[in-house]
Every structure is written in structure tokens, then in C-alpha cells.
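**Q** Below, the features straight out of TrEMBL:
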REPEAT    76-127  repeat 'RCC1'
REPEAT    128-178  repeat 'RCC1'
REPEAT    181-246  repeat 'RCC1'
REPEAT    247-302  repeat 'RCC1'
REPEAT    348-401  repeat 'RCC1'
REGION    415-534  region 'Disordered'
COMPBIAS  458-475  compositional bias 'Acidic residues'
COMPBIAS  524-534  compositional bias 'Basic residues'
């Protein structure tokens, strides 16, 4: 038996027995990416979740734009929790869940894989079926219909012989065993992330300059890859990465920050091979791949981890794959990327790094919030990691219970609120949130902001209203957007800079009840005031 076959056998055994799920990061689901979160609601150390204590979890899923989570146990049950404004938890309602809850309508299936987008979720059954639930405005559920914009209960996807699935923010990719159609896509085509050679752009009206993008609700095979067998896939917010059976690596979709690895920032509407991973450096069968909101990663020859795209908030972007030397020599078994953070399971360690605001790196209350370089999660040292998943501001790790003694019992246990305690979530449409989005969009340092389209802006104004957090992923790329809003909010006179505080002081002295911008009473008789009655 070869080394690769032995490793696959070990992985299969791990998946069969499962492990304990640990969570770290933000738990204030309705506030993530929208307003400042109090630090006391964040879980800054890997924490057990009460409903899943002792449950054998074999797979976890979230997404770099997701504010919800999915966990699968060894019996094929599917647990979901988190934000639920678009029915993305599959519970038949729009009520937020703080605790992992079984999706009852999937109880007749054995769920083996799952993926989540910004507001939708896709699962794969052992029989090769795929079901989805959540937001369907762009056809990302793959049901073939746009009739219902929200599906809060599972619906069947129009794909068969499915092996795996991955989700971007508003699109979905399926891998199947169908010859000539090993990869299919559906959803939003705005940046070419579906790989069909078009962004399906059109004018909303003949006389209008407003642009929209034709939804694709029916899964369609990627024609340019018809002759290849795609074996691995991962999705960022608006880009896709994939590996074929020969070890060639393909990327397509939004090209900002160099996340596609082609030494340029151009969007790619069809899959394009990354030239670094050709000839003598093709990916081995046990390669690990990952896609974050603004970057991509994979392991190549010798298990060396390569990354490219936007790595941190300062400094140059990596326009092509570069080896991450900090992790040379590690046996990386699993990896996932969130908005701007990464988690890796390697040897008997768990490693994380990146920009974080809510404890999603798991370094603990005395540890640093962010780390520019890979760093061990000390509390998990010596534990064998089975699976990892990163969301927008949270992380999940599944660890093997074997040989850990009572170390798991020493970890905190989070109870969360019962679902009955929460109420149906109103659509988050406050004017403050909209102002924040617009301001942060202006202030976000984006190398490609002079382009015709900005990456995470909504498809149209209607879309902005419907997709409450449509700008989440880019809004907090630099992690400073919320702080800037607080400094430049109402108290500072609409963001006028240093002079704002001065004018605020003057107004305070003008007497009670006066508006921000009104001059003192004695000055009202000038041009700005009404003429005095004679």
C-alpha cells in the first residue's frame, strides 16, 4: 500500500469515528460585519458547544462570507446555527439559532458534505444527491427556479452523482462523477466565477445605465473543463479554485489583489491554469486547497504550502503563488480560510494566523488578536485535528478525542440562547448600516477600485436592499471600517475631520435644543435667517 493510500485510509477512519467540535470567534450573529461587537460576546479560546458535547462530528463547514455554521455527525445528521435572515439554516423559518440545531427535514438523508455561502447552504448526501436552502436571488441554490427568492427548507438541486460542493458568497460549485461534467456551477456570474465565459451583464432598461447580471438557477457544466476530471474545489467570495486528476491547478472569477495567481488583477471568465503548478510542481493527490475572501492557497510538492492574493492589510499583495516558509516541513492535512484569517491542522498541532477582531484565531484572552505569521493555538497543542472551517468572523475545529485524556473537559462550554428565546429577525436595513457601508466602501484600500465594478458591491440598488450584508466581506477587509465610522459619525459633523470637533464645541455653547449645524442665535439674522418683521 502506498503512502498516499495509507493516508487516505487513515482519513477515512477519522471521518468514520468523528471527534469533538470546538468553536472560537464572534457569536453575536446579527451584528457581525455590521456594527461594533462587544468583546464579551466573543469566544476567544476554542470552546465546546453544549448541544454537541460528546457528539461525534466528522465534518464542519462555513464560508469566508458566512455568518452561519454547519456541522455533520457520523450518523449523517446535519446541525446548523447562526444568522438566518434568508432561511440559510434550513429550519423552515428565519429565526436565528445560537445553538447547533438538527435540520429535521434532512433526517431521512445521510449527509456527508456541506458548504455555505453568504446567505445559503448546500449539502451532499451519501447517495449522490444535493440539497440546498437559503437565499436564491441569483439562483445559487441550483434548483432551476428563481420563483422563490428565499427557501427556508431544503430543496433538491438539479445535479446527480454529486461527490462534493463548495459555495462562494452568491454562487455554488458541485463536483460529480459524471463523465464530461465533473464540475457544475450556478448562481451569480458577475465576475466570471461560474466559469462559463461570460458575466451575463445587461442593462436593466434600454434607456438605463444601471447594470444587472442574469442569474443562473440551473447548474451548468463548465465546458472548458469537460475533458478533465476535477477532484478538488474551493470558493472565495467571488472566485473559484480547482484541481484536476493530473494535479493541475485552475482559478477563475474576480482577479483583484492577485488572488487568481496569474500575476495580474484581471477577471477570468473561464478556468485558467496557474503556471506555477505545472511541469515538475503539479499538486499531489493528497493536496490541500483553500480560498479566502481575497486570497488562495494550496499545498504542492513535498507538502509545501503556497499562498497568493491579499495576505495582510499593509504591504504588497502576492500576485502569484509564493511558498509560505513558516510552514515548511509540516504535514498539513486540512486548511480553511475566512474573511482574512486562516486555520490549519498539521501533525499534532492546530495553527492559525491572519487579521482578526473577534477571537477567531483562538489564542485566548491573554493572546494577541491578530498574527501576521502562522502561530500555534497553544491550548490545542498535541491534539489531532480532523477538520477545520473558517467563517466571516469565526472558526471551527474538530479534534480527535483519542489520547487527549481530560484536556477537553478543561475547555469552556458555551450554552448560547435557546431558539425560543430569539425572535424572528427583522431585515437589517438601518440607515446607520447603509451609511457605514458607503463610507467604508470609499475608505477601503482596494488596488482595483478604479475598475468599473467593485467586488462586493451589490448587483443593483434593489440588491442592496435585499442583501443586507452584501458588502460585509470587503467592508471589514482592513478591519478599520467600524472604527472609522465611530470617529466620523454624527458627533464629528458628518466626517469633516479635525475641524469637526471644533464646530461641535461651538454648537454646544449655543444653548440646548439646537441642531448640529445651526449657528448661534445672534448670527441668525444674516442671510441664512428669515428677514425680521418690521
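Note that Cβ sites are derived from N, Cα and C of the backbone, with glycine treated the same way.
Because TrEMBL annotations are produced automatically, they should be read as predictions rather than curated entries.
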**Q** Quick check on the repeat 'RCC1' (247-302): DSSP residue counts for helix, strand, coil, in that order please.
**A** 11 helix, 19 strand, 26 coil
**Q** Within the repeat 'RCC1' (128-178), count helix residues (DSSP H, G, I), strand residues (E, B) and coil residues, in that order.
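**A** Its residues divide into 0 helix, 25 strand, 26 coil.
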**Q** For the repeat 'RCC1' (76-127), how many residues does DSSP put in helix, in strand and in coil?
**A** 3 helix, 24 strand, 25 coil
